[in-house]
Amino acid sequence: MTKMITDPRSDYLPAPVAAISQSRSFPRLNVNEKIDVCRGLFAVLVVIAHSWELTWALHPTALLALSPLLRQFIGCTVGSGICWVMGFFVISGYCIHLSIERLMKAGEFPVRQYFIARFTRIFPLYYLALLFTIIVEGSIGSARPSIWPNGRSPLVVLAQVFAIQGVSQTFGSFAPSWSITNEIFYYIVYGFLAYYAKRQSSRPLRLGILLSLVITLACQAYYFGFHKSLVVLNIGLLFGLGLNWFFGAWVAAHREAMVQSVSLRILTRVWPLFLVAAITLRFYERIPQLAYLLSGFSFTLMLIHFLKAEEPEQSTQESPWLAKRTEEFGLSSYPMYLFHGPIILLVGALLPRLGLLIDWRLTWAIASISGILVGLVLGIVVERPIMAWRAGFLRRLRTR
């Protein structure tokens with residue numbers, strides 16, 4: 001979404017640790033609200049990036065006439081969806097570790113409760129989005145743009161049903177769902193590591209990082225040194241991108257020490273520089289694996305920056321209205337992420353019929369706005385009721 005693409009407010013989040021604003025005159029955003037803003041913003045940026053891909057499909061001649069440097073710059077910044085997905089992974093790891101940490105306070109780890117909580121978060125909206133995508137792909141016919149042409153077969157749909165598309169193939173315009181496979185895999189691995197670690201909440205984190213490093217390096221060595229197997233490459237990416245997920249979990253596990261570290265506080269102030277470095281690597285097409293890790297590391301520093309200690313005299317006004325809006329924005333991120341692919345595809349099919357293929361900038365804007373607006377609406381009319389049902393279901397489960 002994942003989370004991703006998952007909802008960090010869905011369960012087990014602690015009280016706010018710090019405020020983002022240093023001014024008395026502005027409403028305060030606590031850590032949870034800042035995470036909501038980031039989730040919504042990451043989803044918006046993914047929609048804009050994939051709308052850029054649609055623009056390429058509908059206006060290839062016009063875009064080829066642009067400066068190559070400009071095309072490359074757009075493709076590596078707002079046109080690079082995977083960069084923002086790394087931010088989702090970091091936030092997801094942070095929130096899931098907090099969940100596990102709280103569950104372990106009772107001296108044991110209720111693995112059944114953990115997995116039910118995770119799967120009821122992921123799958124209800126996921127299957128609704130998959131059904132919608134199947135309907136769109138089946139009804140759009142010859143008007144379908146050339147974007148995301150692969151995987152439109154019953155076998156791939158079956159892979160999507162079992163959420164293994166990230167290591168096999170995605171179904172047409174449901175292509176952004178590749179990261180859902182990663183999220184589910186990290187949930188499962190971390191859940192079992194936590195179960196076997198029992199009372200030691202830091203042990204699954206160390207084991208997870210070690211496992212990711214060893215398997216990633218082994219897959220990279222095999223792929224580049226012996227045989228360029230797609231399966232090996234996908235497995236390596238699955239574990240390699242998991243390092244970003246574990247970056248977020250590491251922040252959650254050591255948040256108090258990180259807040260007190262003077263050197264780390266200084267480093268977090270320049271977190272955007274690491275994002276610029278990642279974009280630069282992508283621009284020059286150098287070491288893509290390092291670019292992904294640098295993206296994740298920059299968002300990790302951003303998260304630590306959110307957690308920095310707040311001076312008592314620097315408290316700010318609270319705004320219930322702003323808190324409500326940030327919650328809704330965060331709530332929209334998952335439906336926006338899941339549904340924007342088929343929505344963009346529909347826009348690409350309708351624009352030529354309506355005679356609106358006037359300018360590539362207009363196409364990019366219409367596709368982006370459509371995907372964003374649909375996500376915002378679905379966050380209120382679909383995601384909120386699902387989350388309310390889930391909260392009640394989990395409460396009943398805990399009282400049994």
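Cβ from N, Cα, C; glycine included.
No curator has checked TrEMBL annotations; they are predicted automatically.
Here the structure is a predicted model, which means the values were calculated and not measured.
According to TrEMBL, the features are:
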type	residues	note
DOMAIN	33-378	domain 'Acyltransferase 3'
TRANSMEM	37-58	transmembrane segment
TRANSMEM	70-94	transmembrane segment
TRANSMEM	115-136	transmembrane segment
TRANSMEM	178-197	transmembrane segment
TRANSMEM	204-224	transmembrane segment
TRANSMEM	230-254	transmembrane segment
TRANSMEM	266-284	transmembrane segment
TRANSMEM	290-307	transmembrane segment
TRANSMEM	334-356	transmembrane segment
TRANSMEM	362-382	transmembrane segment
Query - Contact between the transmembrane segment (290-307) and the transmembrane segment (334-356) (3 or more Cβ pairs under 8 Å, separation 6+) - result: no
Query - Non-local residues, at least 6 beyond the ends, that sit with Cβ under 8 Å of the transmembrane segment (115-136) - result: 2-3, 6-7, 10-11, 96, 99, 157, 160-161, 163, 171-174, 177, 180, 183-184, 187-188, 191, 334-335, 338-339, 341-342, 345-346, 382-383, 386, 390, 393-394, 397
Report summary line: Counting only residues at least 6 beyond its ends, the same-chain positions whose CB falls under 8 A of a CB in the transmembrane segment (230-254) are 86, 89-98, 101, 166-167, 181-182, 185-186, 189-190, 201-202, 205, 208-209, 211-213, 215-216, 218-220, 222-223, 289, 292-293, 295-297, 299-300, 303-304, 307
Query raised in the report: Same chain, outside the transmembrane segment (37-58) by at least 6, Cβ under 8 Å from its Cβ: which residues?
Result: 1, 3, 7-8, 29, 74-75, 78-81, 84-85, 87-88, 91, 145-148, 176, 299, 302, 326, 329-330, 332-334, 336-337, 340-341, 344-345, 347-348, 351-352, 357, 360, 363-364, 367-368, 371-372, 375
Query raised in the report: Across the domain 'Acyltransferase 3' (33-378), what is the average pLDDT of the model, as a whole number?
Result: 91
